[in-house]
Amino acid sequence: MGYFDADAEDMLEVYLLETRQLTGQLSAVLLDTEKKNAFSGEDIHSIFRIMHTIKSSSAMMGLQELSSMAHKLEDLFAYYRENFGKIEKPEPELFDLLFAASDYIETELGDMENEDYRPRSTAVIEERTEAYLRKMNNPEGEGAVAGGNQEENPEENPQAGKAQEAAGDIRKEIPVIPDTMAGKGGTIVRILFENGCRMENIRAFMLVRQISGMCSVVETWPGELEKSGESCGYISENGVFIRFETERKAEVLESLRRGLFVADCMILAEEGPKPAANEAAGGMDGSGKESAPLGENGKLTKNGLNGKNGQAEGRETEFFNVRSDRLDRLQSISGELMLHMLMLENELESLGLEEIKEGSAHQISRLISEMERNVMEMRLVSINKIVPKLRRILRDICRDQNKEADLILECGDLEADKSVVEYVSEALLHIIRNAVDHGIETPEEREAAGKSRKGKIIFSAESTAGELRLSLSDDGTGLDEVKIRERARERGLFTRPEEEYDLQEIQELILSPGFTTNEQVTEYSGRGVGLDVVKNVLEDVGGNLYIHSEKGKGTTFTIVVPLSLATMECIRFRVGDCRFSVPARHVYRFLDLEKNRDNVENINGKDYILYEDRMVPLINLNRFYHLQAEEPEHPIVVYVKGNEKEGCIMVDYMYEQKRIVVKQLPPLFGLGFRKRTGISGCSIMGNGSVCAAIDTEILIGLYEKEDAYGSLQQQRTALHSGEK
């Protein structure tokens, strides 16, 4: 068994979710305050509340070390709330302490999911916190912060007073026993939680778990507390009603009153049934006050779940948390449905059942497509989710290397699939490390070069035609071509005469495994794994990385990935007996080769065709992949254009455009298969045939290299092995 007991294990997922949200808020506050070098009253209160919540919830989970550390930091900010002038000019030491605490929490949260998890000591951070507190106190000891819990005092803190007054508002004056409990006997209580504690339905669920072992009967209103829906909003406004029967009433009530974030526990009924208490609308409750009227079927109508004026009714469909693995499963199911629908349509066509195919089957296909689009929308998250991590790593590297740089955002409010954002997040972290370590100069070097002392890193994002384009640009030194060439010679990276490599190819050598121009290994670079990791991550999601650099002016890394990894609009075609697909967003035009024969030229052994006012590569896939198929009488030419390359592909037959499920290639194809062949994945067609997904950028790049139609037996072998 792991570190947590059975009860805590059940709540671990909720604890991790909530605490990660809190640490995200903490990081955002710290980065903003450090940049402006000042804490506002709201900043102090936010950090106090964050630490207060982490302290309490960690104690509930049995995480005493984490709870104790949060308690110390809560004490620190309780002191600042009472002595605001002491933090007017915060010292770097304070930010280092708070970031260290934030890092500790995030590391612990990641480790808690492991079976062998054991909490690490917080003694160093606690000692630093206590030392900082002592430093803040004046020599006479005035304003010294005592140990123990610094709970919010309404008299000392008006904001805290307002929060506590919320527990005594109108909700407390009109308790109404739900009709589902009235007349049943036992003890009925109404629990109110502290304002701002969040996830009130989960808090109520935990209370019920605590007392269930002491009671013979326990029921709640609302029911099904572990589900979000409307219950969370209702409990936040009106509290949770609990009816229980037990011989240990005093213990149960004490347990409820001591529950986490419980602001009030009011007894509404005790012992025997009271059938008349709430039978009539507008009757009197047990306290002698007029109760709220009941609506149709005895449902609560004032502050109730089903009343027209009820607060919860307007909240029930706003937001609720969904487990990501359930969305993953739903997405997988929608993809499988789409695949089987294609197979069904193909079967109906082969049987001559066109009427069914165009009727019921078409409607089912439309609904499946609509479901798939809705699932994709449910998985969308904001690109801005990446920004706090970028700001934090930039802050840490600059402090470590005595550099100065600002992160400038030009990304708007774009959204992409959750998995895509997670993948590119890892890639961007490596790129920003590389930008600061290799690109941004020290303030003195920048001044000597006629630049401002503080460097700039611009993060931009845009969405075009189903693709997400992210760029990180710095105004640093740019890539050193001479040094790159030297290291490439040392490592034997040139596969043809060095003088034949253009600048773009030289710059792309930095993506090679183990490549680095640093003489020494540092915490952030020197091992030659950073950009190689970026390249591999992007290959996993069918993305591409582009590098543009100018000596002395800076470097831009651009990532292009699909907005979704699940399905893609594709144009499918056949060459011989092989099927291929390209993203529909890359297809711009179809040409009749017979009408354009005069526009085809052979240049250095490669075919080119005149398209508009320029010559572009004309790729015969039959020859390129050595498919040994017969040449068609009337080949079709497809003009495709990626982000940086364009060209035409000769195909035998075109299928209709379809949204298909593109799968990654299995590991047996080996590393680098995509770069060697231009094939990035595969899908299954309605008749069961394998359809190879082509990366147009890589395919055109391969063709433009020398000996495009030469000894490419590896493409043929790999392609045919993928069909078996």
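Keep in mind that glycine also has a Cβ here, set from the backbone N, Cα and C atoms.
Quick look at what TrEMBL annotates:
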- 4-112: domain 'HPt' (DOMAIN)
- His52: phosphohistidine (MOD_RES)
- 136-166: region 'Disordered' (REGION)
- 147-161: compositional bias 'Low complexity' (COMPBIAS)
- 276-312: region 'Disordered' (REGION)
- 321-565: domain 'Histidine kinase' (DOMAIN)
- 567-705: domain 'CheW-like' (DOMAIN)
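Secondary structure counts, DSSP: the domain 'HPt' (4-112) has 94 helix, 0 strand, 15 coil. Around the Cβ of His52 (phosphohistidine), the number of neighbouring Cβ atoms within 10 Å comes to 24.
Per-class residue totals from DSSP over the domain 'CheW-like' (567-705), listed helix then strand then coil: 31 helix, 71 strand, 37 coil. Mean pLDDT for the domain 'HPt' (4-112) in the predicted structure: 85.
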